[in-house]
């Protein structure tokens, strides 16, 4: 039978955190980094290989739509490649955190760098999303017609690559939250 103890005001929010409790957080960090690699690499490859050719009246006159026709799409591919490389470079550090869950300085560095990469990836994905939106809907006030009716495959490829990139944005948010949780567990007593 458990003993009933009356708590003083404020005592309920102080919890003892067992040593080694960051191992699960570190494993989840590693898994999310692997998912981030898949998302950013897939997005960069999908956009980088995205092109469609349409014949016009004859087979000698054709119109091409390629990702490098738009600066926003070029930025998107470059940013996703940079973030993918960052994910790969931080995998060993994530593995070190599994073995040594008390590594505090490297966790702080990772949180800062993860936040920088999150901002970079969000900027690149948002720039590409604005162009994809214009391609799908056009802009009637400037007489820009939607081009996805003619270049359907190109627009589908661009939209699909955005899914991978914005998925990686969500992964970064989760990684930053996990890093903050791991840092907060380093103290002997944590106020929740």
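Cβ atoms are placed via backbone N, Cα and C, with glycine included.
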Stated Swiss-Prot location of transmembrane segment, expressed as one of 3-23, 108-128: 108-128
Residue 72 vs residue 101, membrane side identical per Swiss-Prot: no
Correct range for transmembrane segment (source Swiss-Prot, candidates 55-75, 76-96): 76-96
Which range of 27-47, 132-152 is transmembrane segment, per Swiss-Prot: 27-47
Neighbour count (Cβ, 10 Å) for residue 139 (N-linked glycosylation site): 11
Segment-level pLDDT (mean, integer) for the topological domain 'Cytoplasmic' (183-192): 60
Range from 27-47, 108-128, 162-182 with most C-beta pairs under 8 A to the transmembrane segment (76-96): 27-47
Contacting positions for the transmembrane segment (162-182) when only residues 6+ beyond its ends and CB under 8 Å are counted: 22, 25-26, 28-29, 32-33, 35-36, 38-40, 42-43, 46, 76, 80, 83, 97, 101, 107, 110-111, 114-115, 117-118, 121-122, 124-125, 128-129, 132
Positions whose Cβ lies under 8 angstroms from the transmembrane segment (108-128), at least six residues beyond its ends: 40, 47, 72-73, 75-76, 78-80, 82-83, 86, 90, 93-94, 158, 161-162, 165-166, 168-169, 172-173, 175-176, 179-180, 183
Residue 139 (N-linked glycosylation site): secondary structure state under DSSP, collapsed to three categories: strand
